[in-house]
């Protein structure tokens, strides 16, 4: 009994099938087979067929291999509605709309070449800059949003008599000035969300410099050498190269270096009272990315040429101003 208890149940079943007593079915099969042996001719063939048929009906397959899995159910019937005609119609409609909008914009928006032919853009006919760096001092002021460029420029104007020029302010003022030769062009580009051609911006900067010097292009209208702080310009490499080629080579770049976390904190604090729609976290981060992608290559270019004065701008405005004055005296001389 102990040996029987220790044997697996599957072995017991196999032994039972192997040594089971002959059943009525197996006895019948043997009888048919014996009769097939004893019978000859057509009768034997009939008995053999009957015996084979009975064997197939009575035999039971026993195998340790599990049966194959049932076939997967058939996929659900597809809907009779076909959606691809609707997709084709939507795609064609969208493409037609975009084409019409582009045609309208191209028709309404003057191209740079057309504006030049119509006399609405300055032509690059000069082979030398308008101003010499020996007669005029130009300093580009760059830094990320919230680095404190405007604050420091205002202090340098009061302390040293610099002329502060902002490209954005000049574009806005020119757009509203009656009789402006560039006003309508600026409105057209701003209306369509396009960047105003750099020829216009550079021409406005040149005009502002001439006006500040009393219409003189040699820089000798006053007693002191004219000095300009150009704030927020150039924003791109092509603007920097074009300005130096057509207007005046820059002395150096005054770069206010400030971590993004500090600049974001300042802009968010300013946004509480400024009412500016772009002083929110999402817009601020977009402005950071734009500065890194477009303006930092300008800083890197001038730094390779040894024409960058980097001012740490994390400290309070008074400390940043003191460092700025120290660096300016080092580059321009104590009596500049």
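Cβ from N, Cα, C; glycine included.
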From 208, 315, 322, the one annotated by TrEMBL with 146, 147, 148, 149, 150, 151, 270 for ATP:
315
What range among 38-78, 79-119 does TrEMBL describe as region 'Disordered'?
38-78
TrEMBL annotation (region 'LID') - matching range among 269-279, 280-290, 291-301, 302-312:
269-279
Compared by Cα position, which of the binding-site residues 146, 147, 148, 149, 151 is the closest one to residue 287 (ribonucleoside 5'-phosphate binding site)?
146
Taking Cα atoms as reference points, rank the binding-site residues 146, 147, 150, 151, 270 by distance from residue 172 (ribonucleoside 5'-phosphate binding site) and give the first.
150
Any same-chain residues 6+ apart from residue 232 (ribonucleoside 5'-phosphate binding site) with CB under 8 Å of its CB? Would you list them in sequence order, or say none?
141, 142, 149, 166, 167, 168
C-alpha spacing of residue 146 (ATP binding site) relative to residue 239 (ribonucleoside 5'-phosphate binding site), in angstrom:
22
Distance, residue 234 (ribonucleoside 5'-phosphate binding site) to residue 148 (ATP binding site) (CA atoms, angstrom):
17
Return one of helix, strand or coil for residue 149 (ATP binding site), based on DSSP.
helix
Can you give me the Cα-Cα distance between residue 270 (ATP binding site) and residue 195 (ribonucleoside 5'-phosphate binding site) in Å, rounded to a whole number?
26
